[in-house]
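*Asks:* Structure below; questions to follow.
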Ligand code: ATP
């Protein structure tokens, strides 16, 4: 009898949160959207930021990256040298893939641990390469932020003090927008101002069931 009573007292386990993959090409506005999403009270995991932390914190990754790209991948203070690494892999697909094969599994584990700590029914994973790495398959839904090429280039030129050509060459290496639009479950078109972007974000986020 007592056993039955204690069973009845057991709380229902919380369902795992639904994971929404948030993505967009260079300058699309995905980070801006991610900040709005946080303002609406939902947690966001920033994959690229976490990756930057992990490459500095994990001794195992340090060894593997130095083996692949050389000791100069880390500076004299032992900090990851992003510029050096980016230059090394920029025009070398094979090296880039090998680097990704080192970093991505570590980020995946870090993300899984982060999700376990979340209590909201929706969580967002901001990842530039959501579709390229087929990470959308591990998400409940994908949310794409997109804008016209010229607008994106102009915004990045203003933000990063880069030339038109520099931004364009990064863009050309990314998956074409038309292909992303075909795959995405939800799309935010970011061609106007920040107020409209926030409104669209609110509508999309609260319509996800
Ligand atoms: P990246 O992949 O290059 O990091 P991103 O997709 O995260 O880019 P953001 O950094 O969010 O893009 O936006 C690019 C720049 O454009 C930022 O300076 C941001 O403040 C600005 N921006 C984004 N959306 C708008 C908008 N609707 N109106 C004006 N400025 C905007």
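Any Cβ shown, glycine's included, is placed from N, Cα and C.
Caution: TrEMBL annotation is automatic and unverified by curators.
Pasting the feature list from TrEMBL:
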- 27, 28, 29, 30, 31, 32: ATP binding site (BINDING)
*Asks:* Under a criterion of Cβ-Cβ distance under 8 Å and sequence separation of at least 6, what residues of the same chain contact residue 28 (ATP binding site)?
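*Replies:* Listed in sequence order, they are 145, 146, 147, 152, 190.
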*Asks:* Restricting to the same chain and to sequence separations of six or more, state which residues have a Cβ under 8 Å from that of residue 31 (ATP binding site).
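*Replies:* Same-chain residues close to residue 31 (ATP binding site) (Cβ under 8 Å, separated by 6 or more) are 46, 126.
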*Asks:* What is the Cβ neighbour count of residue 29 (ATP binding site) at a 10 Å cut-off, with all protein chains included?
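*Replies:* Taking every protein chain into account, the count is 23.
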*Asks:* In sequence order, which residues at least six apart in the same chain have a CB under 8 Å from the CB of residue 27 (ATP binding site)?
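*Replies:* Set apart from residue 27 (ATP binding site) by at least 6 residues yet with Cβ under 8 Å, we have 147, 151, 152, 153, 155, 156, 159, 167.
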